[in-house]
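Quick look at what Swiss-Prot lists:
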BINDING   E66, E96, H99, E180  Fe cation 1 binding site
BINDING   E96, E148, E180, H183  Fe cation 2 binding site
Amino acid sequence: MTQISPTRLHSPLDRLLVEAQRALDTVFGNPPAERPNPAADTPDVVLDPEQRRHAAGLMRINHVGEVCAQGLYFGQAAVARDAHTQHHLLEAAQEETDHLAWCADRLHELDSRPSLFNPVWYAGSYALGALAGLRGDDWSLGFVVETERQVEAHLDEHLETLPQNDQRSRAILRVMKIDEARHADQAEQAGARPLPAPIPSAMALASKLMKTVAYRL
């Protein structure tokens with residue numbers, strides 16, 4: 001993936017090209033992970049067709065979640081007012097790139113593919129991130145906290161509902177969950193603003209729709 005660096009000093013055209021390249025890398029590329037795959041030392045097992053289909057559906061949801069996280073963070077970083085906030089967002093995005101690569105690897109192992117709607121998921125998340133960022137960095141960080149808490153919840157659900165013998169997927173999700181919790185904690189420490197009640201509910205509803213579609217497509 002294109003090196004993630006602050007964009008504040010770039011010209012408007014440079015920034016547009018950087019954002020376009022990030023979108024292409026996230027949606028259509030195969031970004032390499034900086035950290036080793038957590039499942040590397042976990043032996044694979046033979047899953048029956050139904051188990052494989054279910055595991056692939058869950059990992060596709062998790063892959064979409066990382067596509068959305070990239071869009072959200074890049075949208076927020078593009079309009080961040082404070083250099084420290086922008087750095088925090090881009091640093092979190094880099095770790096989410098690891099998650100994206102790990103989920104893509106696992107989908108390949110399961111003979112499956114990413115969601116056909118990834119361009120839509122990314123565009124919607126980028127727009128949401130930019131809108132949140134325009135309200136102020138405290139709002140932007142508030143969206144980070146709520147997003148990561150909701151992701152933690154669905155990772156817990158997936159850890160429970162994956163096929164019992166699919167330990168490779170579990171190894172990936174456990175590390176992802178640790179990272180997401182840390183991102184939320186760091187955003188809170190950086191001055192995140194609690195979001196008004198209707199916003200988390202709307203985010204949860206949108207997430208439910210995404211998961212329903214991504215599980216199959």
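Yeah, the Cβs are placed from backbone N, Cα and C, and that goes for glycine too.
Feature map: Swiss-Prot annotations on the structure.
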residue: E66; record: Fe cation 1 binding site; DSSP (3 states): helix
residue: E96; record: Fe cation 1 binding site; DSSP (3 states): helix
residue: E148; record: Fe cation 2 binding site; DSSP (3 states): helix
residue: E180; record: Fe cation 1 binding site; DSSP (3 states): helix
Integer Å distance between the CA atoms belonging to H183 (Fe cation 2 binding site) and H99 (Fe cation 1 binding site): 13
Between E66 (Fe cation 1 binding site) and E148 (Fe cation 2 binding site), the C-alpha gap once rounded to whole angstrom: 11
Residues flanking the Fe cation 1 site, with Cβ no more than 8 Å from the Cβ centroid of E66, E96, H99, E180 and excluding those residues themselves: G65, A69, E95, D98, L100, V151, M176, D179
For E66 (Fe cation 1 binding site), the number of other Cβ atoms found within 10 Å of its own Cβ: 26
C-alpha spacing of E148 (Fe cation 2 binding site) relative to E96 (Fe cation 1 binding site), in angstrom: 11
Shell of the Fe cation 2 site beyond E96, E148, E180, H183, same chain only (C-beta within 8 angstroms of their C-beta centre): A69, A92, E95, V144, T147, V151, D179, A181, R182, A184
Tertiary neighbours of E180 (Fe cation 1 binding site) (same chain, Cβ under 8 Å, six or more apart): E148, V151, E152, L155
